[in-house]
């Protein structure tokens, strides 16, 4: 069975022409055949059964917008784009006070290239590489807050779900099939909250995954749904029925005489009410022999995309199982415009499972960032893609040698990657002093490593800080990528809930059992919700963001050295533990640490040749991080009272 998104199939218009010429008759016949094909094969992306979430305000226009309406839309677009960048900040002052931040050690392992001339495979193959601690480790203290939980009202979610008839009917069928005495609230799990800051609307836009599990076990999902909430700069959810006037892409309708022409797109506006469930269509079947259902969108990640029509909009990527494809694949979705695209490599088949693609927006070529989205397809070994947003087709920018086409390493997924917050609000005089090599871009994120049998339960998941370095060779017009720095496990001092499962007692009663280091032990980083500079210190004087605009023109600042620059930057990282919650931790001063990393600022480490990726030992920093992660796992298990088995672990 197919759950369908809202669609509008237009009838053939009455042209008033009774005697068509042969050429027009051919065009008309071809149009009818095309329309018949669309209708009969629309089980995947279109259909008459609406999910009821995206309202009819998204029309397909058969004519160009009239001049008056165009002026109104352009006025709205101008107003959105002209918000005060110097007085917009994603965090209230109370979340920026020093006394709420504690210190935690972050240890990253940097680029090993300078140490590979005398590379000794035997020496470096030891379990505890001396090079890790002696040469590659770069430790520092970073500031972070206690985690803040970001809840959702289950009854409110169910109210929205019940108004979307296909979703509601599917869940009711599942309830009738999976007989269970569990209370309804025990069957629903919300986690994987991924968020971005919408400065034009002064709110945080969060997508999270609501999972329905009839037996109350998080990793026995029947179906998942994507839920949108809005939060203010205090990270309080905005009231129910909050409405935004959002921009979207309006597409012209089919026309007899424009069948083979690209459809024209226009910017328009509509009202959108929150919270809401995204109307993602998906296949489902009940029952199936394997009893492995897992229908619907999973693991959403989000970033902000600059639409060529002149507005910024969220772009969500997720993986989803399809009955037609008989496998899990990746999709992109534009919620403002209700546009869903399957993502696929242009000249390669699907792998057995497509998931954990790490999205980022390349800032090297701003004109292309409007139409493409980049991904780390694989971290070990490193493979990078660029995908066209309109078609979903992906080109390989950097492809490593892989012995197994379907290989997926332990390091994968995590948050999206973001560029350093050195945007146009930072004075150009300051940016010019920073020691980043020419034609280099730096992206950072929090990946996560999946370790099996490392000491705590069956498997452990924790965040790992990473930097992705992008070097451009203007002679060959080619981009090169590398993992510049990577940390071992870093848990943000967050509370990690034990994995929960339903078990029977001696009398046959079902109860919930949750113990640390039993089953999975999970803390997943889901998004960098924001990253911005609140103030800058120069030679001991602090300048707030609203001062950046005229710091130098007003004569407040004279000459200065790069080592006199101190950024007070703030980053929000959203987390989920045990597939059952959403929280956020605020991090302060990370930018200063990053700007000291040798892999980012050393000109001798600029990549401009393929051989760099073929030198033995080029991935030593990643290996060091994996060793450190395993040591964390053992240490964590010991603290939980687990007796460590010294058998070899597998990743």
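Each Cβ is built from the backbone N, Cα and C atoms, and glycine gets one as well.
What Swiss-Prot says about this one:
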type     : residues : note
CARBOHYD : 271      : N-linked glycosylation site
CARBOHYD : 423      : N-linked glycosylation site
TOPO_DOM : 1-19     : topological domain 'Cytoplasmic'
TOPO_DOM : 43-651   : topological domain 'Extracellular'
TRANSMEM : 20-42    : transmembrane segment
Task: Determine, to the nearest whole angstrom, how far the Cα atom of residue 423 (N-linked glycosylation site) is from the Cα atom of residue 271 (N-linked glycosylation site).
output: 30
Field: Segment-level pLDDT (mean, integer) for the topological domain 'Cytoplasmic' (1-19)
entry: 37
Query: What three-state secondary structure does DSSP assign to residue 271 (N-linked glycosylation site)?
result: strand
Field: Assigned conformation of residue 423 (N-linked glycosylation site) - DSSP reduced to three states
entry: coil
- prompt: Hey, what's the Cβ neighbour count for residue 423 (N-linked glycosylation site) at 10 Å?
  reply: 12
